[in-house]
Amino acid sequence: MHGLLLAAGLLSLPLHVLAHPQPSTSTSLAGRAGAVDLNEFRVAHRSSYTSHDEMKKLPSIASFRQGTYLEVATELVKQTMPNMEFRLVDDHYVGDSGIGHVRFRQTMHGIDIDNSDFNVNVGKDGKILSHGNSFYTGPAPASNPMVKRDFIDPMQALNGVRKALNLPVKANGAHVENMSEHKVMFKGTSGALSDPTAKLCYMAKEDGSLALTWRVETDIGDNWLLSYMDAKESSKVHNVVDYVAHATFQVYKWGLADPTEGKRDILTNPWNLKTSPLTWLADGKTNFTATRGNNAIAQYNPDGGNDYENNYRPSPKNLKFEYPYSPDMNPPKTYIDASVTQLFYTSNVCHDLYYMLGFNEKAGNFQVNNRGQGGKGNDYVILNAQDGSGTNNANFATPPDGQPGRMRAYIWTRANPPRDASFEAGTIIHEYTHGLSNRLCGGPANSRCLNALESGGMGEGWGDFYATAVRLKPNDTRKTNYVKGGWVNNSPKGVRMYPYSTDMNVNPLVYTSNNKLNEVHAIGTVWCTMLYEVLWNLIDKHGKNDGPVPVFENGVPNDGKYLAMKLVMDGMAIQPCNPNFVQARDAILDADMNLTKGANKCEIWKGFAKRGLGVGAKFDPKNRTGSNQVPNECK
């Protein structure tokens, strides 16, 4: 679950329930008494990434036989990891940039190694563009654990997780139902929003060994956890992943970051029929008269509960979603219709824009009805306005494709009267982008690939980057600075360490700043700062389209702003599971190589190098090495 800040009690593992309060050094469970710090259970960085430039140095790749992108990808894994057992993950697709994305999961004795993945990117020419790899290469277990059933039963695992993490789940009288050979469901529990499950799997550990675990899944609202309990010791949790990282419409239209930037307008049929052909108010089976449709369902959620379908949502006559609102109105519930409408509008525009840039059905986007275009449906975004489960934050939960995303927008109490997160577009875009990055990085079927500290930080940085790119104004230049979350937080400094700026005197952050940072929002500020440099380099080269949608020429946005947004998005799908900054940088360069044949290589390199992520920069979680160097051809 990801939130805007670092709400007291959230962690930014793969879900996305983080928001944007001032950075905190603590990320614990839901802020409850006795809460456990989930940072202690983060997944370690294990991925390698072989970029396009590195691939060209491997002559053996050129001898690959021609075939489908699946066959080419499978052959690469077989040659790279001979004699290893793996399976094809059923979420492969060809993106709108022509790249075939194929992912494999390593297995041992027929059991998944849950954090051992191999992703292959096949270019439009049928050749390998790049690949990422986190396969386990240590000693294999001597015997198949399924033969002697040499592990604790799943109920012991659930109880062990409950105790170790102090979860509000009760299992007295609960029983186990088999779902498959390695997976069970717990029936009769209380305290979770859905029945917990457990799956037997291995986890590759930092010390190079392999642990047999029960992956216990518990959705408790503000945290949606995958807890890897040792299958032989019911008191030992190895890792934890959190999925939550916390008509006419009268709205602040797209591009206005908050109520200080303009007035509300009445917009007629604001949807884009190319990306939402069913409109925002239908799902192909039902035409709705409330804030519900194929992409999202928005409602008032004052008690913070999970029964969203029966909650109140505006349903006006003649589809006129026109309601009074002023930032001076109080209490917030007096303008709930306007709040739900604004949240519904902003999230749907996000859906439509991201669809145009490549986040479509095959890529794992959020829709009930995918209209036969690939991917898994039945997963609109659940949008809870004025959610009563918290304050001063917002969050987004991103389970795998086919399960609904969930956004919670809270009331912020740092102003008088309080301010509603639904009206700060930057907050909503940031949260929706958690859904984007979690579905693309690792593939639609795996929402566990932004769990390490640096990759989790990039998840926050991408949210800020897209929110900032969207709010750019016609007269902005590279000298324009922007803060994040200034309005909701009632602070001119916003909720980040520094404004986003290309001026080193205003924002001095560089790659090695991460050596002193241990919180995802702080690390995300470094990442977004780098992307802001790249953004302006591309705008200075290609100009800036100030319209609400990109204009494409041969599949490439013809301006720098949308080109940057496109390349960053393509990079998310190319990079390995749990990437670091260096790997994510290389993935963006490879995205440009695929899309434009590397026409923007130097603009990208110079943006990263200015902030210490140049040629020669190296990742070490405790001692990163910075570099301001660019390739010789860019000097």
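Note: Cβ is positioned from N, Cα and C throughout, glycine not excepted.
In the shown protein chains, 38 other C-beta atoms lie within 10 A of the C-beta of Glu431 (active site). Annotated active site per Swiss-Prot: Glu431, in sequence order, evidence recorded as sequence analysis.
Following the DSSP three-state reduction, the secondary structure of His430 (Zn(2+) binding site) is helix. According to Swiss-Prot, the Zn(2+) binding site annotation covers His430, His434.
Annotation comment: Swiss-Prot describes Asn287 (among others) as N-linked glycosylation site, evidence class sequence analysis. A C-beta separation below 8 Å, combined with a sequence spacing of at least six in one chain, links Asn287 (N-linked glycosylation site) to Leu281.
The N-linked glycosylation site feature in Swiss-Prot is assigned to Asn475 (among others); the stated evidence is sequence analysis. In the three-state DSSP scheme, Asn475 (N-linked glycosylation site) is classed as coil.
Using a 10 Å radius centred on the Cβ of Asn594 (N-linked glycosylation site) and all shown protein chains, the other Cβ atoms total 23. Swiss-Prot lists Asn594 (among others) with the feature N-linked glycosylation site.
Under DSSP, Asn623 (N-linked glycosylation site) is assigned to coil, being neither helix nor strand in the three-state scheme. Residue density at Asn623 (N-linked glycosylation site): 9 other Cβ atoms are found within 10 A of its Cβ, drawing on all protein chains shown. The N-linked glycosylation site annotation in Swiss-Prot covers Asn623 (among others).
Taken from Swiss-Prot, the feature signal peptide applies to 1-19, supported by sequence analysis.
The recorded positions shown are Glu431, His434, Asn623; of these, the one with its CA atom nearest the CA of Asn475 (N-linked glycosylation site) is Glu431. Between Glu431 (active site) and Asn594 (N-linked glycosylation site), the C-alpha separation comes to 28 Å. Asn475 (N-linked glycosylation site): 7 other CB atoms within 10 A of its CB, across all protein chains. When the binding-site residues His430, His434 are compared by the number of other C-beta atoms lying within 10 angstroms of their own C-beta, His430 comes out lowest. Distance noted between the C-alpha atoms of Asn623 (N-linked glycosylation site) and Asn594 (N-linked glycosylation site) is 32 Å.
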